[in-house]
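The structure under discussion is supplied below as structure tokens; questions concerning it will follow.
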């Protein structure tokens, strides 16, 4: 484990006055560095001091006020940055992007500002976007204050339902202490612009409460800035709709309600817990540590501020509070390949029988996807030997908030050679064996957007390949099971339906291949039927390359859900390699998502049977010498259980680690629960590399 004082170093580098030719690599990277805590506080102090903005603290008080919601770096314009990095131009002025909720105005809205110059801001200006209009106040992201008010309103509204909830679930909202209900809210919050109506899914507040819906969903209209004017518009309970809580309560008292009575949850080994239960049939040990990542001779990468170097790779990075990881000035052996590669958005579209499920279409950047980068657990989220970095976010707060160990960097053994060859003599021996072990450098963070956890990776391979990858984990977005719900998912527990959904993740990829003057073409294979030149009268059917230049944006837009051309090539038409080919990079798309809505449907206007055959088209290129490398040249499929078991069978493993605070909210004492030894001990056996390539008969 290594902890770096990243924020202080970045602040020092960011304020260093230097021009392109004389700036160190770390100073150059610092123009893309996240704002330091001091810079975040300076922006807030400056904006709070402006009487015309009329800003109030975010926490507490009414919703109808002007508040500073978000502060993060406003990256320099690309031309200014390239002028500084490449042509010796002036260092771009450092600025912040600030999002202000104007709730105390005659026409409430959300406005973004550019604030600078940092570190001592003295001016601000609105950031104008297409259309030139501010974002309506009703479309603003949720805040902690609004959630607190929503919880209070829901507790009051469900007071008539106390007996129903107590009798059916053993939990309740009104005046609860130890057996409380909670809720999950969904989006979009309405069916038309200007609405702010949220369906709330009530759940028992136990560990993994996302999997404990109680069968009640409530539609709350909270558009008005005054919570006293909020109202419950509808309720859904166990398949029936009701207009008011009292109507539902009356149905229960009359005995005309079909009640879903839930079993009392156990105190230990709850089905939604990570606690091990069951055992594997083989009896192989899981109560000891598994394989670990080690650095037997020290780390092989360099981290200076926000500049990362590994082999031929160098780049600058930041963790944007609004959306997540962003890479800038990505180079290999000093040549820029991309100006920016960044996470932009993650979307999830759901279907279901309950009103909340059928309404759910999450756009996670609107839920602060980049700001929920909680602490990474050493040895689980990242290897123990990783370098861990803190992050500071100013999101729905009254100052910067430090997220410890929010980013990690580590070198990963891939477990497969980058390339290898065994040259047999076909007589029981071999002429030579050559192999290069596979490694990649990983830059990682996570986003826990309520129930879902996204693990965001950028991987750098030694052969000039970069991989952008996201894993989705965490809890599923579940609703109450009804027989009609089987059309929309799988029953995963007695009263729980796991709803079908599609995840879409969007990246921005601004490539600069051997310069900024790039072109784009697609390449695929067509077959030709020609006369055989060495056998008269015979024919040869063979593949040939088909290249298609894409000269404008329309030609380069591919319909979603249809097969892509297999090679998407970005190249510089004026720069060629030694063999006369345009210098190019390929985007190799790996996805299995289909359309999420019919073409032309209202939300769509705003942007299977399997015969498993896997393979890949290989057009040999210069980088195949001396051998074809494995990164990017891998295909396959997963055989995954789908309701084969009653739950995830890996719950039988003894590998989990559970950390529970014993004294919230101080969090000074923790219960760390695990079923393996506290320390893994050494994980690399000493000794030199040995090899015996014979295969003689004995």
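Keep in mind that glycine also has a Cβ here, set from the backbone N, Cα and C atoms.
What TrEMBL records for this protein is below:
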- 1-19: signal peptide (SIGNAL)
- 39-123: domain 'Copper amine oxidase N2-terminal' (DOMAIN)
- 140-240: domain 'Copper amine oxidase N3-terminal' (DOMAIN)
- 292-594: domain 'Copper amine oxidase catalytic' (DOMAIN)
- 364: active site, proton acceptor (ACT_SITE)
- 452: active site, schiff-base intermediate with substrate (ACT_SITE)
- 452: 2',4',5'-topaquinone (MOD_RES)
- 604-650: domain 'Copper amine oxidase catalytic' (DOMAIN)
Report, in whole Å, the straight Cα-to-Cα distance of the residue listed as 'active site, proton acceptor' from the residue listed as 'active site, schiff-base intermediate with substrate'.
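Counting only the Cα atoms, the answer is 10 Å.
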Along the domain 'Copper amine oxidase catalytic' (292-594), what average pLDDT does this model show?
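Mean model confidence (pLDDT) across the domain 'Copper amine oxidase catalytic' (292-594) is 89.
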Run through the domain 'Copper amine oxidase N2-terminal' (39-123) and tell me, per DSSP, how many residues are helix, strand and coil.
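Tallied per class, the domain 'Copper amine oxidase N2-terminal' (39-123) gives 20 helix, 28 strand, 37 coil.
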What number of additional C-beta atoms lies within 10 angstroms of the C-beta atom of the residue listed as 'active site, proton acceptor'?
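Its Cβ has 23 other Cβ atoms within 10 Å.
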How many other Cβ atoms are found within 10 Å of the Cβ atom of residue 452 (active site, schiff-base intermediate with substrate), counting all protein chains shown?
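For residue 452 (active site, schiff-base intermediate with substrate), the 10 Å Cβ neighbour count is 22.
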When secondary structure is assigned with DSSP, how many helix, strand and coil residues does the domain 'Copper amine oxidase N3-terminal' (140-240) contain?
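For that range the per-state counts are 31 helix, 32 strand, 38 coil.
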